[in-house]
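A.B. asks: Relevant sequence annotations retrieved from Swiss-Prot are reproduced here:
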CARBOHYD  135  N-linked glycosylation site
CARBOHYD  143  N-linked glycosylation site
CARBOHYD  163  N-linked glycosylation site
CARBOHYD  188  N-linked glycosylation site
CARBOHYD  307  N-linked glycosylation site
CARBOHYD  366  N-linked glycosylation site
CARBOHYD  408  N-linked glycosylation site
CARBOHYD  412  N-linked glycosylation site
CARBOHYD  423  N-linked glycosylation site
CARBOHYD  460  N-linked glycosylation site
CARBOHYD  622  N-linked glycosylation site
CARBOHYD  636  N-linked glycosylation site
LIPID     775  S-palmitoyl cysteine
REGION    160-208  region 'V2'
REGION    308-341  region 'V3'
REGION    524-544  region 'Fusion peptide'
REGION    585-603  region 'Immunosuppression'
REGION    730-755  region 'Disordered'
TOPO_DOM  717-867  topological domain 'Cytoplasmic'
């Protein structure tokens, strides 16, 4: 009875255990997540890539060659697309922007390339015999008018004669040319006082001892033309639209564009010309306001117009300085001989300074703001230098930066209008230089040929470059001076709100969908989603931003469009048989875009996801990558946030997907070996029938061989027993009728089982009998073997079950014995402890009583002693 109860309880426990295991398997299968690949997700990362240019084809004169080579740029998009990214915050840093470095290198390359075919003026590095060319020698001199500008000083121009090689190398002739006095330096041994008095006559060009002077080509133009920097396919430009953005930190109003706005590459110092304006108020930007070595870039809200002019009319002539080379110099200066100058409205300038001071006071609280002139250095830094109509002006900006602003917002102009033509206009005296130290690098100089006629240009001052004096912080005055010279700050003032990002079209995320492995059926791709635009859903949650096809299509279409633009640009310059900087950048951008596209497609192909936007995999999602639930991921996170979370595990996930796909391909290859069994119709093909015939012949041959072997063995066995083999000609007894049972007269009924078979006639009959006997033999042997195995398994199962029951009963018995022993031991210990405790308590009780009886014993002793 006890054994039966144990068996029933065991079966009950087995049933419940099976149910619990099934429930656990179902729950584990329901919660299992799998990696899913998405192509076209709105995710980007900061990158430094090759940008190409776009320019308006009608923005320049086709007759002249502008130094910016914008004819090699692609045409601007008449309808540029700008997609606002909702709920997106992006970090910018204008001081560490690769776009600035790239533009700087591009402008340097353009200048170098434009001057490369031009004439080197090395033959002019000879001794010049010069005399002053003053305005008193010209009969056409006029007086200074009220429009501003001082009369040209005597000695401002030098009339120099020199010996030069003609078109015939061994022939030298004497020529003369006019140079500005700041373009030549004396080379005699006169003292400094003589040089100061300017009474020397022997000169040389200023840069002959340090630089190679290159004359700008005659038809070259330095007029700035807006250049749009564009990102290649697979990349994008992120733009910050915050109106008070200081250039660093997070920006909440973000959009994506393919090209920047038109940036005019104006090469100037101190003042930023013809740039972009602030929208709401003046903005000052600096990498660190507390570091006086850092330049402060000021962006104005409203422009200040500066009108510059060279009043005199100039003509030029050409001097041959060798075979195929010519030097252009000033032939005659006529008309108004006033000095070149620039005019600025005083009230407008003072109002601008007041706005700038208000912004500076937020950084330098309770300080007196002082604007002072440049502290010294190269002429390009000390003066406001820029290009006006092809001539390089160097203007004294002291009158612009010569004021003190007290903490109560009052100001004091230290010079006032003493040096101006009136109270309403600030006139800056300018001088013109023809030999320019190249701002790109040391050791190069350029000679700008004189421009004929009068020169007038009007520009907008849109920003300033300031530096702050260092010193004791206890000083209550902060002095700011005009700066510049590093053209990166000029480009940075326009590119501060842009950054280049690389679009990461591939994304992985967990889903409940698992790839059906070893499935060769092709399914069409369909997505019921609304396409919001390129990266337009970057701020939406992962479940709501199903804009995958937009990025995928625009990437390929962008490559094709860029290729067409490149071919059009190359076609326009094919007569030159060379590419400009922009053409090379076009090629680089094209190759880069194709490489990125092919790389993504290669990964998709390796993962078995070619042509799919959503691709499930057989890779289980590891909770160590991210333990968030599906609801937290798909309903609350954007793709950008999700990408940042799993960025450290992306390469590992990619590797696992590749390994899983490789394993699946191996499984498919093995399955193809069994694929011919998938259709029964293939069994009836002629190829299979030939195999069937071959197999049949082999089987028949094997049976015949076995028959022969068995026959020989039977004969040998019977011979050994004393029998002789019967002749094959022995006839069988005639079969009897149904009314006569076989056997002898004494015997009746059916035939007993004979030990030997019948002898038959004919090949087919023999084959049939042999085949039948072989099949029966095989069947009997297999049946016996199966019965033996079944008996053994049954016996082992019964013995095993009995052994298990025995061990279970034995375990229960010894468990009960151990339990009883433990209880007995516990009881014995408890009894022993109780007895010991009683003895201790009795001893303590007796001792206590003895102590209590001590006074009584003392009293009794005293009583006995007294008696």
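From the backbone N, Cα and C atoms, a Cβ is placed for every residue, glycine too.
In the displayed structure, how are the listed features positioned relative to their neighbours?
C.D. replies: According to its DSSP assignment, residue 163 (N-linked glycosylation site) is in a strand.
Same-chain residues at least 6 positions away in sequence with a Cβ under 8 Å from that of residue 307 (N-linked glycosylation site) are, in sequence order, 342, 343, 344, 456, 457, 458.
Classification of residue 366 (N-linked glycosylation site) by DSSP places it in coil, neither helical nor stranded.
All protein chains included, residue 460 (N-linked glycosylation site) registers 17 other Cβ atoms within 10 Å of its own Cβ.
Here residue 622 (N-linked glycosylation site) comes close to no residue that lies at least six apart in sequence on the same chain with a C-beta under 8 angstroms from its C-beta.
Long-range neighbours of residue 775 (S-palmitoyl cysteine) (same chain, six or more residues apart, CB within less than 8 Å of its CB): none.
Regional average pLDDT for the region 'V2' (160-208) in the model is 75.
In terms of DSSP helix, strand and coil, the region 'V3' (308-341) has 0 helix, 27 strand, 7 coil.
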A.B. asks: Could you round the CA separation between residue 636 (N-linked glycosylation site) and residue 163 (N-linked glycosylation site) to a whole angstrom and send it over?
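C.D. replies: Cα to Cα, residue 636 (N-linked glycosylation site) and residue 163 (N-linked glycosylation site) are separated by 82 Å.
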A.B. asks: Rounded to a whole angstrom, what is the C-alpha distance between residue 460 (N-linked glycosylation site) and residue 366 (N-linked glycosylation site)?
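C.D. replies: That separation, Cα to Cα, works out to 32 Å.
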A.B. asks: Hey, which of the glycosylation sites 163, 366, 636 is the loneliest by Cβ count within 10 Å?
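C.D. replies: Ranked by other Cβ atoms within 10 Å, the glycosylation sites 163, 366, 636 bottom out at 366.
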A.B. asks: Do you know offhand how many angstrom separate residue 366 (N-linked glycosylation site) and residue 163 (N-linked glycosylation site) by C-alpha?
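C.D. replies: A Cα-Cα distance of 64 Å.
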A.B. asks: With helix taken as DSSP H, G or I, strand as E or B and everything else coil, how many residues of the region 'Immunosuppression' (585-603) land in each class?
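C.D. replies: The counts are 19 helix, 0 strand, 0 coil.
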A.B. asks: Need the DSSP three-state call for residue 460 (N-linked glycosylation site) to compare against my parser.
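C.D. replies: It is in a strand.
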